[in-house]
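Undergrad: Please see the structure below; I have some questions.
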Amino acid sequence: MSAPAKRRCRGPAADLDSSFQKRLRKISIEGNIAAGKSTLVRLLEKHSDEWEVIPEPIAKWCNIQTSEDECKELSTSQKSGGNLLQMLYDKPTRWAYTFQTYACLSRVRAQLKPISAKLHEAEHPVQFFERSVYSDRYVFASNLFESGNINETEWAIYQDWHSWLLNQFQSEIELDGIIYLRTTPQKCMERLQKRGRKEEEGIDLEYLENLHYKHETWLYEKTMRVDFENLKEIPILVLDVNEDFKNDKIKQEYLIDEIKSFLTS
């Protein structure tokens with residue numbers, strides 16, 4: 001298994017010195033809806049002071065308010081009374097382009113946030129992102145286009161905007177590796193129904209199957225065409241999480257060990 005590659009430092013970030021940039025590893029955790037990403041990032045956050053987790057900014061896409069500091073500030077859509085995630089599922093043809101554009105923007109903002117002082121002092125600092133700007137495009141936006149919810153003009157504009165935006169911040173948002181939580185669409189549906197988020201009530205199995213296919217061709221079979229050079233050879237760790245691990249200490253230890261090996265081998 002190859003180690004996560006070091007990113008090319010094309011320019012100094014305002015709050016990072018070159019030594020820290022060379023040490024820092026940025027890893028995205030990818031997977032279908034309800035695959036277990038949130039459960040895993042909570043485990044990672046507790047495991048090491050040298051690991052920092054950036055959760056999916058779902059609170060900025062809907063009317064959910066949590067006690068976490070990064071979720072207290074209302075997004076523009078919330079201030080205007082909007083719940084973009086709910087709007088997407090209710091009227092996907094109307095809101096798909098709007099949602100995917102805002103989702104990508106919110107992820108870029110999350111990845112550009114200043115590094116914590118504690119992580120800056122770490123010998124082997126790692127940032128784990130719950131999904132990435134790449135799955136926004138190659139999984140979710142692509143699926144919405146193929147299902148007819150994003151039209152050809154919107155898709156062309158989205159791809160152009162996405163490529164331009166990522167190229168502007170390439171050195172700051174490039175990933176060093178991807179962890180793919182692999183599970184069946186049927187298992188995801190079970191977990192989705194169990195957690196009972198209001199915005200997800202309309203999700204059906206076919207939608208999860210389509211997202212599963214996208215993840216498989218991109219991260220497992222590696223047959224999907226991608227437009228960013230760093231993605232073509234990026235190290236990928238595939239973890240089978242079809243069996244629930246939320247309350248399974250043995251499975252949790254196994255997953256942590258696999259991730260540690262991925263980071264250091």
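Here the Cβ of each residue, glycine as well, is placed from N, Cα and C on the backbone.
From a predicted model like this one, the values you see are computed outputs, not experimental measurements.
Grabbed the feature section from Swiss-Prot, which reads as follows:
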BINDING   31-39, 191-195, 243-245  ATP binding site
BINDING   E56, Y89, Q100, R131, D136, E200  substrate binding site
ACT_SITE  E130  active site, proton acceptor
Undergrad: Based on Cα coordinates, which of the following binding-site residues are within 10 Å of E56 (substrate binding site): G31, A34, K37, R191, K194, D244?
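TA: Final answer, ordered: K37.
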Undergrad: Counting other Cβ atoms within 10 Å of each Cβ, which of the binding-site residues K37, R131, R191, K194 scores lowest?
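TA: Ranked by other Cβ atoms within 10 Å, the binding-site residues K37, R131, R191, K194 bottom out at K194.
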Undergrad: Have a look around Q100 (substrate binding site) and count the other CB atoms within 10 A of its CB, chains all included.
TA: 26
Undergrad: Need this for a regression test: binding-site residues A34, K194, D244, filtered to those with Cα within 10 Å of D136 (substrate binding site). What's left?
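TA: Cα within 10 Å of D136 (substrate binding site): none.
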Undergrad: Using Cα-Cα distances with a 10 Å cut-off, which of the recorded positions Y89, Q100, E130, R131, E200 are near K37 (ATP binding site)?
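TA: Hits: E130, R131.
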Undergrad: Find, among the recorded positions listed as E130, D244, the one whose Cβ has the highest number of other Cβ atoms within 10 Å in the structure shown.
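TA: Going through E130, D244 one by one, the largest Cβ count within 10 Å is at E130.
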Undergrad: Kindly assign G31 (ATP binding site) to one of the three DSSP-derived states: helix, strand or coil.
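TA: Looking at the DSSP assignment, G31 (ATP binding site) belongs to a strand.
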Undergrad: Tell me the Cα distance separating E130 (active site, proton acceptor) from Q100 (substrate binding site), rounded to the nearest angstrom.
TA: 16
Undergrad: Would you mind checking how many other C-beta atoms are within 10 angstroms of the C-beta on A34 (ATP binding site)?
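TA: Here the count is 23.
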Undergrad: Please tell me which one of the binding-site residues listed here (G31, A34, Y89, R191, E200) sits closest to E130 (active site, proton acceptor), measuring Cα to Cα?
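TA: Result: the closest of the binding-site residues to E130 (active site, proton acceptor) is G31.
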Undergrad: Using a 10 angstroms cut-off on Cβ to Cβ distances, just flag whichever of E56, D136, E200 is the loneliest among these binding-site residues.
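TA: Checked E56, D136, E200; of these binding-site residues, fewest Cβ neighbours within 10 Å: E200.
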Undergrad: Could you tally the C-beta atoms, other than its own, that fall within 10 angstroms of the C-beta of Y89 (substrate binding site)?
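TA: Other Cβ atoms found within 10 Å: 18.
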Undergrad: For G31 (ATP binding site), write down the residues of its own chain that are at least 6 apart in sequence and whose Cβ falls under 8 Å from its Cβ; none is a fine answer.
TA: K37, Y180, L181, R182, T183, H215, V241
Undergrad: What is the maximum Cα to Cα distance, in Å and rounded to a whole number, among the residues E56, Y89, Q100, R131, D136, E200 annotated as binding substrate?
TA: 19
